[in-house]
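Undergrad: Features from Swiss-Prot:
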ACT_SITE  C50  active site, nucleophile
BINDING   T49, C50, N51, R52, S109, E114, P115, Q116, Q120  substrate binding site
BINDING   G189, A190, G191, E192, T193, I194  NADP(+) binding site
SITE      H99  site 'Important for activity'
Amino acid sequence: MTLLALGINHKTAPVSLRERVTFSPESIEQALTSLLQQPLVQGGVVLSTCNRTELYLSVEQQEHIHEQLVSWLCEYHHLRPEEVSKSLYWHHGNEAVSHLMRVASGLDSLVLGEPQILGQVKKAFAESQRGQSLSGELERLFQKSFSVAKRVRTETEIGASAVSVAFAACTLARQIFESLAELNVLLVGAGETIELVARHLREHKVRHMIIANRTRERAQLLADEVGAEVITLPEIDERLADADIIISSTASPLPIIGKGMVERALKARRNQPMLLVDIAVPRDIEPEVGKLANAYLYSVDDLHAIIQSNLAQRKAAAVQAESIVQQESINFMAWLRSQGAVETIRDYRSQADQIRAEMEAKALAAIAQGADVEQVIHELAHRLTNRLIHAPTKSLQQAAGDGDVERLQLLRDSLGLDQH
């Protein structure tokens, strides 16, 4: 048995190819069933996200396993092998182990150290558990990878600093305001960045969120998820004074929030401070707003400066994280190798027990027929000894006959002959 990881990710293929090899949540169960029907595949996990599609497998050793798995992947997704073969990567044994640990810890992510990938790996693992698609080795590997990811989070600073625009915007808000729990937030736009911002803010339990968007339909989907109120862009003017924090990210070619609008809001707020974070390009908020007293305006460039500084901190933390992964992968491989000994010991004990049971049955039968008990016990001990030492004796004779000194010494060590 060997552990194998193969996949395609943001570093090896463009999105135009990645989207063609992705597995939808609805298809995972069927894909696992199909995968385990392949010859010599003993267990599998399918991890599929927007940035990667990976298969983690326990397989029997086979010379053409690569060709077999590429063929399965291409048939499943209706692709030609030449379309994907150059973008696929393969990891075996220790490399497969350390790769999964790196993935779960966020060390292989597009955004270094991002935490979302761990949840995605756990979900993929749970899917295989439900479908009974795991081998014992794979189950142990994934459980170990989860504990490694936890170690990386707790023992390093890999996730302490914001390295995405959305996360940086929320981090900035938490730095300026002591608590977000009593604050109202206005989000302008309903695209991917605002979605991430809204989810971050929900985690920090802001008092109230308002989402302003050109169309209500798209905003309503997000609002339903995070528990927010929806307004249209023209309604911003009358609701701006309600907001302590404004975060804007639209595709508008012209500013949506002007200096006059903010002046009116500040007056209505009796000059209570407002934080405005403009992460749109072109800008959604007129730059002159930053000159107003009690209006604290930050642009996407300000956030990028924060991100670059924090990214350097994450890269430094990643060195420590890689050391954790390296040590844990070595420990796991030592455990995996020991499983071969466990099976051998189990077989050896089973063989010895079978011999004992056979000799015992003969002895009891002899006693039942009236044989002398002392003589039966003597013969039992003699025959049992001969049966148990028969195979080791043949191995010793073979090694001696071949002049194999190393093997002879290994057998002596195994039998404990030099311990007394």
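The backbone N, Cα and C atoms fix where each Cβ goes, glycine too.
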Undergrad: Tell me, how many other CB atoms lie within 10 A of the CB of S109 (substrate binding site), whichever protein chain they belong to?
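TA: By my count, 21.
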Undergrad: Within 8 Å of the centroid of the Cβ atoms of G189, A190, G191, E192, T193, I194, which other residues of that chain place their own Cβ, given that this set defines the recorded NADP(+) site?
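TA: The surrounding set, listed in chain order, is L187, E195, L196, V197, S249, T250.
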Undergrad: My understanding is the cutoff is Cβ-Cβ under 8 Å with a sequence separation of 6 or more in the same chain; which residues meet that for G191 (NADP(+) binding site)?
TA: S249, T250, A251
Undergrad: What three-state class does DSSP give Q120 (substrate binding site)?
TA: helix
Undergrad: Out of the recorded positions C50, S109, P115, give me the one sitting nearest to A190 (NADP(+) binding site) by CA distance.
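TA: Answer for the nearest of the recorded positions: C50.
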Undergrad: Whole-number Å distance between the CA of T49 (substrate binding site) and the CA of E192 (NADP(+) binding site)?
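TA: That separation, Cα to Cα, works out to 16 Å.
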Undergrad: Within the same chain, and leaving aside T49, C50, N51, R52, S109, E114, P115, Q116, Q120, name every residue whose CB is within 8 angstroms of the centroid of the CB atoms belonging to the recorded substrate site, in sequence order.
TA: G106, L110, I117
Undergrad: Take the C-alpha atoms of S109 (substrate binding site) and the residue listed as 'active site, nucleophile' and report the distance between them in angstrom, rounded.
TA: 11
Undergrad: Expressed to the nearest Å, what is the distance separating T193 (NADP(+) binding site) and P115 (substrate binding site) at their Cα atoms?
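TA: With the alpha carbons as reference points, the distance is 17 Å.
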Undergrad: Near H99 (site 'Important for activity'), which residues of its chain come within a Cβ-Cβ distance under 8 Å, counting only those 6 or more away in sequence?
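TA: Result: A5, H91, D108.
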Undergrad: Using C-alpha atoms only, work out the spacing between the residue listed as 'active site, nucleophile' and Q120 (substrate binding site) and round it to an integer in Å.
TA: 11
Undergrad: Assuming the binding residues for substrate are exactly those in the record, T49, C50, N51, R52, S109, E114, P115, Q116, Q120, what is the maximum CA-CA distance in angstrom, rounded?
TA: 15
